[in-house]
Amino acid sequence: MASEQSSPEINADNLNSSAADVHVQPPGEKEWSDGFYDKEVINGNTPDAPKRGFLGYLIIYLLCYPVSFGGFLPGWDSGITAGFINMDNFKMNFGSYKHSTGEYYLSNVRMGLLVAMFSVGCSIGGVAFARLADTLGRRLAIVIVVLVYMVGAIIQISSNHKWYQYFVGKIIYGLGAGGCSVLCPMLLSEIAPTDLRGGLVSLYQLNMTFGIFLGYCSVYGTRKYSNTAQWRIPVGLCFLWALIIIVGMLLVPESPRYLIECERHEEACVSIAKINKVSPEDPWVLKQADEINAGVLAQRELGEASWKELFSVKTKVLQRLITGILVQTFLQLTGENYFFFYGTTIFKSVGLTDGFETSIVLGTVNFFSTIIAVMVVDKIGRRKCLLFGAASMMACMVIFASIGVKCLYPHGQDGPSSKGAGNAMIVFTCFYIFCFATTWAPVAYIVVAESFPSKVKSKAMSISTAFNWLWQFLIGFFTPFITGSIHFYYGYVFVGCLVAMFLYVFFFLPETIGLSLEEIQLLYEEGIKPWKSASWVPPSRRGASSRETEAKKKSWKEVLKFPKSFN
């Protein structure tokens with residue numbers, strides 16, 4: 001095999017290829033329509049997956065990290081926006097003047113729009129840019145949407161006393177972040193090894209929580225400025241995050257599924273080999289490429305992918321689309337953005353003079369809790385995570401809302417708040433965020449990223465994710481009005497939603513732990529009952545241990561095992 005190192009220059013040819021001018025000589029003379037992999041080539045033995053030591057795991061996570069960093073963009077916006085709405089200079093530039101108090105303020109409408117315009121852009125961007133993944137490749141599409149994100153940041157920074165210009169910039173900024181919310185989990189799910197797919201897709205959510213945390217820290221650091229640096233510095237830092245993603249795309253392998261769909265089979269082998277740190281001629285690599293190719297050919301026999309295909313009952317795509325839409329909708333109806341968007345305001349209302357500091361505490365809990373999710377999601381399974389998350393968040397939200405309604409203002413809304421009740425609400429908010437960050441926050445993206453056949457994946461993921469941003473817009477815009485009217489009774493609305501989430505997951509969402517993307521297709525086609533799906537074994541593995549057993553066998557000692565050269 002010969003390979004030439006490609007130029008680091010960012011262009012379509014570079015980003016659409018995992019390794020330029022690479023030639024792979026497959027065993028035998030078979031065409032790809034029949035498959036490269038042949039059991040006779042390896043003496044009738046099915047090739048084993050490559051064994052990984054610490055270095056192998058490290059390489060996989062480092063290669064996937066630049067893709068997952070796309071989650072940092074919406075997280076950063078959530079973190080800085082929560083601080084902006086309480087900054088004096090920001091309110092002076094984009095708010096209204098109240099003569100009775102001599103202060104600037106943001107009306108409920110303007111505050112709601114400030115929070116929600118980003119979500120509007122994201123919902124449009126996710127649908128509008130998803131098609132680029134099929135025409136230009138996943139990596140180049142990500143670079144394009146990140147450039148759009150940078151344009152939106154420029155418009156925001158240049159705004160001066162023109163709230164409508166700032167909002168336009170916020171929408172364009174959201175277009176790019178929305179594109180990332182579809183394209184990044186898509187690419188992660190397609191390059192990740194099956195046994196690590198859940199954890200690697202969870203990195204997207206981990207970076208979102210990292211963005212929220214650093215966003216809180218940023219506005220905490222600039223809040224004492226008296227000029228526009230108070231909010232322009234956090235917005236300006238967006239360019240640094242965007243450049244990290246763009247440069248990172250030079251290192252990430254292209255999706256082997258996209259390459260095979262484009263008849264670039266040899267490059268697909270190189271992509272699989274790169275992420276697994278083996279030779280492109282390894283029999284296991286050829287077998288993986290052959291399985292992907294078989295899935296692509298099977299999808300082609302069903303005809304060209306169209307928007308109409310999303311409503312197909314025969315291939316169970318409609319069922320999966322409904323699941324994707326509802327899972328992304330439920331992700332917002334957990335009530336998490338009630339805390340993340342308005343956390344600073346909420347904790348001022350419970351008697352804390354510096355809500356910025358409390359937001360940093362919440363951001364820290366959110367970030368480190370998501371690290372736990374990355375570590376365990378491929379051992380516990382999707383259903384168990386979601387069911388536990390819905391039940392535990394329900395309990396936390398009931399307590400939070402009840403304390404707010406019954407105990408926070410013992411002498412009425414016009415009287416002083418109870419410090420003890422306020423502290424208890426903060427504690428249960430932290431419990432709630434822990435439960436959310438370890439379950440629904442990462443797993444919702446995993447479910448959507450791995451549920452759809454490659455032929456309709458970009459369309460189905462874009463629609464599912466658009467509902468996430470749509471509900472984020474609705475919650476972000478209407479929360480100031482609702483809390484102003486019913487105060488902490490608002491928490492009971494989310495409790496009802498959490499009950500519905502638990503029931504839906506139990507009766508309608510199948511378990512996909514340990515399955516390849518092609519095997520998930522078979523799971524849906526066989527119509528397995530969701531509550532029995534954890535014990536389902538794909539045809540190629542029948543007679544072996546169940547998927548849950550195999551996942552549990554992999555101890556953390558094995559995952560963190562150092563190669564001999566390290567000992």
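Yeah, the Cβs are placed from backbone N, Cα and C, and that goes for glycine too.
According to the topological domain annotation in Swiss-Prot, Ser96 and Ile528 sit on opposite sides of the membrane. Here the transmembrane segment (113-133) sits against the transmembrane segment (171-191); at least 3 CB pairs are under 8 Å, leaving out pairs fewer than 6 apart in sequence.
When averaged over the topological domain 'Extracellular' (219-232), pLDDT in the model lands at 90. DSSP assignment over the topological domain 'Extracellular' (77-112) gives 20 helix, 6 strand, 10 coil.
In this chain, the transmembrane segment (385-405) touches the transmembrane segment (488-508); three or more CB pairs sit within less than 8 A of each other, excluding pairs fewer than 6 residues apart. With DSSP states grouped into helix (H, G, I), strand (E, B) and coil, the topological domain 'Cytoplasmic' (254-336) comes out at 60 helix, 0 strand, 23 coil.
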